Amino acid sequence: MESLSLKFIEPYWFKFVDYYGEDFLITYGTFIAHEVFYFGSFIPFFLCDFMPFLQKYKIQPTKKNEWKTQFNCIFKVLMTHIFVQLPMMYIFDPAIKAIGLSARAPLPSIPYLIFTIACCFLIEDFYFYWVHRALHHGFWYKHIHKVHHDHAAPFGMTAEYAHPLETVILGVGTVIGPFLFSRDLFTLWVWLGTRLFQTVECHSGYDFPWNPTKLIPFWGGSHFHDFHHETFVGNYSSTFTYLDKIFGTSDKYYSRKQIRDSKLAAGKSE
């Protein structure tokens, strides 16, 4: 099953690790990778705002985010990355290495890598649902989570626009999966890139019908999460829909969706 192996890139990966050093890559390399993945995911959706033919896919087309609002968001997110996430990575570096994270571990097979990423999504989504739901109560919402809801019509950059404490708390759910299933840096970076693109797309404000994630069972997507920002309630999951369905926290979303779909169907039949 050599075709399902990543052995062909192992020599290049290990040369990369030898050149920069494992210590540098685990902390600072991960931070740089995070910035590249995050801003790299945001830019395509940002450019969509300048393409008139894509505006029909805007979820809240009547709400426009002013340049000042977007710049303020970008600045605050960047400050959070530099002064919260980077120090957090540095502080937890010894613990991460003690647990066994290595940049020189053999690369996983492609099937196991896909399995790991899928498990990471499921674990993070479960953790996120309950913590996010708790953050919508009393003190936690008023003093912490309300920051993330500054934007009722989200755009890509708002994905990590949050109170510093929320950044730390929700960040825990992101790292649980990789340390349970694979403690190699390569897998961590693949998961990080996948998760960051997912959360930026989820906050993008666009719902493209050709998005391949629509083929994934129980996948929420941007339309599902946008409702949460618009109404401030329900749809608490980060990725999937099954927990919201089980616990009835997406009932309002599906009721409104049913009404909207009925109106669209009636309009087409006329």
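The backbone N, Cα and C atoms fix where each Cβ goes, glycine too.
The annotation transmembrane segment is assigned in Swiss-Prot to 31-51 (among others).
Annotation comment: Swiss-Prot describes 82-102 (among others) as transmembrane segment. With a cut-off of 8 Å between Cβ atoms, the residues of this chain six or more beyond the transmembrane segment (82-102) that come close are 22-23, 26-28, 30-31, 34, 164, 167-168, 171, 179, 183-185, 188.
Among the features that Swiss-Prot reports, transmembrane segment is placed at 110-130 (among others). Proximity of distant same-chain residues to the transmembrane segment (110-130), defined by a Cβ-Cβ separation under 8 Å and at least 6 residues beyond the stretch ends, is recorded for 4-6, 170, 172-174, 176-178, 180-182, 187, 190-191, 194-195, 198, 236-240, 243-244.
Annotation source Swiss-Prot lists domain 'Fatty acid hydroxylase' at 118-249, citing sequence analysis.
Among the features that Swiss-Prot reports, motif 'Histidine box-1' is placed at 132-136. Outside the motif 'Histidine box-1' (132-136) by six or more residues, the chain places 144-145, 166, 170, 232-233, 236-238, 249 with a CB less than 8 A from a CB of the stretch.
Within the model, the motif 'Histidine box-2' (145-149) carries an average pLDDT of 98. Look at Swiss-Prot and you will find 145-149 tagged as motif 'Histidine box-2', backed by similarity to another entry.
Residues 59-60, 149, 151-154, 158, 202-203, 205, 207, 236, 238, 241, 250, 252-253, 256 of the same chain sit 6 or more residues outside the motif 'Histidine box-3' (224-230) yet have a Cβ under 8 Å from a Cβ within it. The motif 'Histidine box-3' annotation in Swiss-Prot covers 224-230 and rests on similarity to another entry.
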Write out how many residues of the motif 'Histidine box-2' (145-149) are helix, how many strand and how many coil, based on DSSP. 5 helix, 0 strand, 0 coil
Which sequence-distant residues neighbour the transmembrane segment (31-51)? Criterion: at least 6 residues beyond either end, Cβ under 8 Å. 81, 85-86, 89, 155-157, 159-160, 189, 192-193, 196-197, 200-201, 204-206
